[in-house]
Amino acid sequence: MTRLWASLLTVIIYILSQFLPLLIVKKLPFVQYSGIELTKAVIYIQLVLFLIAATTIILINLKIKNPTKLELEVKEPKKYIIPWALLGFALVMIYQMVVSIVLTQIYGGQQVSPNTEKLIIIARKIPIFIFFVSIIGPLLEEYVFRKVIFGELFNAIKGNRIVAFIIATTVSSLIFALAHNDFKFIPVYFGMGVIFSLAYVWTKRLAVPIIIHMLQNGFVVIFQLLNPEALKKATEQANFIYHIFIP
């Protein structure tokens, strides 16, 4: 399969997995559902579709006969995948903490992404959703935003690699941020996209940003489920430190 077809199918499958549940529940036998029953039906359908989408996307991309120049370059040895992923995870968490402090100063009060809040509410009602938020979601997003959007742009832009990286990263990270539909948190998602793209280019392995993304999502969801008050205290302490250095 050519890379163009694989990329198009990857994006189409991802979009369908997002919106098909809403169309399916409008049909029999779901029309009799309402309230929490309807919500659960949508979520369970989406979980199944996500799993099918992830499996299909992986298989499609394994069939590519003409990989990008980046994918043909010498990759980091497999033994360094986890160390690089852990480093990337640390960078993402530090970045999020710094941006959260800035957002708190701008908007006042503890800032929590509405997107994250929705995921936490669903995870409390349907625990298996944690697996999909932590594993399947990041896998799908990295194939779409890093491998397809970033990868194709980086491959298409000729000349200076730094310029190509900046353009491809800016475009893919902005789309990644806008896709999360949290206007105030665009800087958070944009920065995450930059780190994921950097990890991909540096290691030449998509597995690295996928694992970083999985660790980040898993940590945030589990942390907020188990100890939501700890997040508030951590934010207050960070703000205290901020005011020491910047009165």
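Every residue, even glycine, has its Cβ placed from backbone N, Cα and C.
As written in Swiss-Prot, here are the features:
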ACT_SITE  GLU141  active site
SIGNAL    1-17  signal peptide
TRANSMEM  42-62  transmembrane segment
TRANSMEM  81-101  transmembrane segment
TRANSMEM  119-139  transmembrane segment
TRANSMEM  162-182  transmembrane segment
TRANSMEM  183-203  transmembrane segment
**Asked** When you scan the chain for residues with a C-beta under 8 Å from the transmembrane segment (183-203), skipping those not six or more beyond its ends, what do you find?
**Response** 70, 75-76, 80-81, 84-85, 88, 91-92, 95-96, 99-100, 102-103, 107, 111, 113, 115, 142, 145-147, 150-151, 154, 165, 168-169, 172-174, 176-177, 209, 212-213, 216
**Message:** Should anything in the same chain at least six residues away from the transmembrane segment (162-182) have a Cβ under 8 Å from its Cβ atoms, list it; otherwise answer none.
**Reply:** 113-115, 141, 145-146, 149-151, 153-154, 188-194, 197-198, 201
**Asked** What else in the chain is close to the transmembrane segment (42-62), if you only count residues 6 or more beyond its ends and a Cβ gap under 8 Å?
**Response** 1, 6, 9-10, 13-14, 16-18, 20-22, 24-25, 122, 126, 128-129, 132, 136-137, 139-140, 143, 147
